[in-house]
Amino acid sequence: ISNQHNAGARGWQPAVCTMAELDADLDHILPSPVLPPFWAKLVVGCVSLVCFARSYDGDFVFDDSEAIVNNKDLRAETPLGDLWHHDFWGSRLSSNTSHKSYRPLTVLTFRINYYLSGGFHPMSFHVTNILLHGGISVLMLDVFSVLLGGLQYTSRGRRLNLAPRSSLLAALLFATHPVHTECVAGVVGRADLLGALFFLLSFRGYCKAFRETGNKEGTHSTFWVLLSILLGAVAMLCKEQGITVLGLNAIFDILVIGKLNVLEMVQKVLHKDKSLENIRMLRNGGLLFRMTLLALGGAGVLYVRWKIMGTGPPAFTEVDNPASFADSVLVRAINYNYYYSLNAWLLLCPWWLCFDWSMGCIPLIKSAGDWRVTAPAALWLCLIGLICRALCSADRHRRRILTLSLGFLIIPFLPASNLFFRVGFVIAERVLYLPSAGYCMLLTFGFGALSKHTKKKKWIAAVILGILFINVLRCVIRSGEWRNEEQLFRSALSVCPLNAKVHYNVGKNLADRGNQTAAIRYYREAVRLNPKYVHAMNNLGNILKERNELREAEELLSLAVQIQPDFAAAWMNLGIVQNSLKRFEAAEQSYRTAIKHRRKYPDCYYNLGRLYADLNRHVDALNAWRNATVLKPEHSLAWNNMIILLDNTGNLAQAEAVGREALELIPNDHSLMFSLANVLGKSQKYKESEALFLKAIKAHPNAASYHGNLAVLYHRWGHLDLAKKHYEISLQLDPTASGTKENYGLLRRKLEQMQKKDV
């Protein structure tokens, strides 16, 4: 809407095309010719791709492992219908352990990536994210042109761009903002990207509701309003905050379409002005109808979403969001506001970025004497100042831009604000993806206002170019840090040195790469920072167990299950340690407790079977291993142990049957081929045994035992030359194998005797 409308104007003004005031202000800073729409979109798209292109060949990092690699909903064998009953991580929504993050459309795109790339190849996932951000940045150009320049159509229904310069600047600021790195470079950020995409499409659809209404006041296209609500629901199925677009649509309708002056209305209400009933918005039946549709649509979608959640909101722990567990309402309020100020700082100065802000990264403010209370005070001073300008300014253009900017900044952030329900994080950079658009609008407006009151236009232009350059540079650097877990986790040490989870993840990464000594150091620091960090205790206990430091391992694991009695993995690991300490009864009890807390726990059944085998309780061992293979048919170790135990106890026929069953399920497992080949050799089925030995050796040619046992088979079979050949290969691979040496010596003596006999 051009700001030439007066109080008596009716509907749209199709004839006049006036550049927005903000664009005129920026013309003094950026006097270059306005780019045509296609070239402007091309510039924004290319810049956005340059910022994050470095992450295209990165690994799956951090939450990607749980949401993608370990998520069975991505695999072809999982029915598509299960996506609508599972949460984002693949757990059933009805489960008490579910995070209730219901994003089936996002998971569906992961599944499509998995299918098209033929497996878990991260490049296709990363490229999709980068392209999505590019598309969203281009779409932002159109959205900013409406929010900054107003909504005006020609008589032919074509929307006019009244703010080409300001919308281009805002879109470039959005495309290059470093806080977006987590959404783009982290694959799980796909949820925020898709949510933002449908959020913007919903807003654009709402704008189109007024495209062909002619000059009739209060008219609209109900189809586009309903489609906008539907797209908002789709956005919510990608990420929960997508539904907030209905709130932005309502504010846009009231301020831009209804032209409401909030300050004027408040003044008339306070003074009981009779002219209040003549305010056009209150007589606008079309506006009230649209507000009713938005309210009913939003309430309906939220009700369905709540019903799908099943067991109510998710249960988070104190380490996830410590402020929400504070006893004092005042302490909670102060800390929530401090979190808001830190989010604002990340938008303003996105240099200190971290993949995780929990676990002591931000200590609680517990008294008013803490100097950090000045941060929320400064935030609210700024917000109140902006709100006053938005309400009290005599310039309708300024009122509209400030109000819509604040709306875009605040409304999408509300689901993460802890105001309506507890969230599972302290700060999450990914939730700032949409609110950053409001910040970019405010920054663009600020540059326009500054240019209006200063003569140093070139300095402002230099500042703008400097901000864009620094943002691009920071995006490139941060994208590189997200390429693999080692760089990502280490980058957080300088930002959040008090975060126990950062030290835990660095330690886990080191342990996965075989550097146990360094891993122990980081695990110990994680436990020091958070003495109740049971996962760090569990992992540290595992490493100490492998280093045969069993007493300390037992102490740590016992403490972990004492702190969290339903921690099944810690109970199982405690059982393994107790088994190694020959405390068999305690070990059995620990295994049983683990299974009680996690009924489908094949690894625990496997370890329980090993305990029974050590105690010569063969039937119990076989039953435990059979349970492991029922729960996890590809559990190779359990199958192998069953074959070996049956073989060692002389049950060759049963061992052969189990071996054949195992190979049908896991046909390419060379260890199963080896075990079954041994059984067949003892049953004098030499030909079939030979074939399996050769197949196992082809799969794993450097296994000395494979060559040694094949040599024994040939020795028994009478193929002495082949036996000699494989004994020698086995001894080359493992010169210390005493059994092979002894058998080789027997064979050589036999060959020498045969030679003497021939002579």
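Glycine too: its Cβ is placed from the backbone N, Cα and C atoms.
In TrEMBL, annotation is done automatically, which means it is predicted and not curated.
Note that this is a predicted model, so its numbers are computed, not measured.
TrEMBL tags one of the stretches 404-425, 558-579, 624-645, 690-711 as transmembrane segment, and that stretch is 404-425. Contact between the transmembrane segment (130-150) and the transmembrane segment (431-450) is supported: at least 3 Cβ pairs lie under 8 Å, counting only residues 6 or more apart in sequence. The stretches the transmembrane segment (404-425) and the transmembrane segment (459-480) do not meet in space: the count of Cβ pairs below 8 angstroms, excluding pairs fewer than 6 apart in sequence, stays at fewer than three.
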